[in-house]
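Participant: The structure's right below; bear with me while I get my questions together.
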Amino acid sequence: MASLSSRHPHQRPARAVEAAAYPYQPVKERGTLRSFLLALVMHLLLGIVLYYGVHWQSSTPVGAEAELWEEVPDVAPAPPPPPRPVEQPRPTPPEPAVRSKVEEAADIALERQKRKQAEEAAEREAAKQEAARKEQERKDQAKKEQEKKDQEKKEAQRKEDLRQQQLEAQRKEDAKKKADQERKEAADAKAKAEADQKAKAKADADAKAKADAEQKAKAKADADAKAKRDAAANAQRKSELARLQAMAGGGVSSGGGVGSAAGSGAGSGGKASPGYADRVRRLVKPNIIFGGDVEGNPAAVVSVSLAPDGSLLSARLTKSSGNSDWDNAVLRAVHRSDPLPRDEDGKAPANFTITFRPKG
């Protein structure tokens, strides 16, 4: 304690001055400085622990120095003089705290610790805010994506509805076109059937008229042929009668008449020359009117009887071709060709046959 007092010889006068400067301060109680110093030492120790706890890897330990202050007991005063009023000592102001390097280091360490804690807290708060911001961004992005998906879904549904409407409209249009086409085809078929029916009726009427005309022509030809045959027969009977009468009236001289008549008879009733039938066939062929179909090339054989002048007496079918239409057409052509040409001797043969084929 003496060393402490010797190091601070002006402490007491300073206190006296401070007491005079602050006369209304409370009287300092004994033991206060001891408690203050003890608390200071504890704080210093705590600061040192914190300082080395924070900087033990980067700082070199330094020695600590502490100053302890203790109140010096008052020296017993000399016997007082005769009683006189004793002036009450004025309370001295508290001594300013003496800060050492250790305290400063402890304060610095504490400040650094507080700053670090504040920075860590700020970082945690910033990280929390950043996480909250990112979470909000994620939620916003998810919301946007969901809204986008909903919009895309709505758009896809709208397009699908539009496509279905278009398909339905197209189906209705196709059905309408098909119905119209079917109605048109039915109307065309009906019109065609009516036209075909009318054409068939007309064709039937024309065929009937043609058949009637041909039948009438055939009847007329047959009548004409019969009239010719009758006339030829009458002429032949008359000729034969005249010949017989001449023979009866001529007596013995009728022998020459017989030879002449025989020669005439032989001439009229003789056979045709080899090329006569072919010549008649070529004459009759252009008059054949036939529009039907014939399978193969069948032959129709016609037997013809003629008067000496080539007039047709009769024409009959001796061998059918198997097609009645072709046979009738050949017979009609023979009647159309009447009279037929005479043979090389100037007379027509009484009977001969002609063969007609559709092809050649």
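Just so it is clear, glycine is given a Cβ too, placed from its N, Cα and C backbone atoms.
Any TrEMBL annotation is an automated prediction that lacks curation.
As annotated in TrEMBL:
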type	residues	note
COMPBIAS	76-96	compositional bias 'Pro residues'
COMPBIAS	98-241	compositional bias 'Basic and acidic residues'
COMPBIAS	248-272	compositional bias 'Gly residues'
COMPBIAS	337-347	compositional bias 'Basic and acidic residues'
REGION	73-274	region 'Disordered'
REGION	337-360	region 'Disordered'
TRANSMEM	36-54	transmembrane segment
Participant: In the compositional bias 'Basic and acidic residues' (98-241), how many residues does DSSP assign to helix, to strand and to coil?
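Facilitator: Here the numbers are 141 helix, 0 strand, 3 coil.
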Participant: Please spell out the DSSP helix, strand and coil residue counts for the region 'Disordered' (337-360).
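Facilitator: For that range the per-state counts are 0 helix, 6 strand, 18 coil.
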